[in-house]
Amino acid sequence: MLIENVEYDVLLERFKKILRQGGLKYTKQREVLLKTLYHSDTHYTPESLYMEIKQAEPDLNVGIATVYRTLNLLEEAEMVTSISFGSAGKKYELANKPHHDHMICKNCGKIIEFENPIIERQQALIAKEHGFKLTGHLMQLYGVCGDCNNQKAKVKI
């Protein structure tokens, strides 16, 4: 289920429903995790999300295992999306953003979001040419970001 541009209260109610259906408790820790994702454009690893929550809510007793379990639950419910970095793990973002694609730096892991109407139209044309009913797509471009390219150039001098 697509959840683009959903208000936080609606998202929170959906999350509570998913927890109830799974026989799980709604906790302050889980709410803070969802709220952190909602109010950020960051692509988080479980560890970086855990650290952000600990920094923002130092008195909140949240464990890294809770972060992992909650992210998995949210991903299964299609409330978050992830980008896999193989053995280096995943980075997560809330699935409430309008459609976008990603450029991913192979050196530093930086993720740049972009949307290009020409690419979107071309994908639709390709699908049509093949009699394919396009229902969605995920595009990830891999390469080396400008910062890493600039650092390589400085080293060569």
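Glycine too: its Cβ is placed from the backbone N, Cα and C atoms.
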E52, E93, E120: which one does Swiss-Prot list with H43, H102, C105, C108, E113 for the Zn(2+) site? E93
May I ask you to find which of H39, H137 Swiss-Prot records for the Fe cation site already listed with H99, D101, E120? H137
Rounded to the nearest Å, what's the C-alpha distance separating E93 (Zn(2+) binding site) and H137 (Fe cation binding site)? Just drop the number here, would you? 16
Just name the most isolated of the binding-site residues C105, C108, going by other Cβ atoms within 10 Å of its Cβ. C108
Spatial neighbours of D101 (Fe cation binding site) among the binding-site residues H43, C108, E113, using Cα within 10 Å, are E113
Could you check the binding-site residues E93, D101, E113, E120 and say which one's CB has the most other CB atoms within 10 Å? E93
Of all the binding-site residues here, H43, H99, which one's CB has the most other CB atoms within 10 A? H43
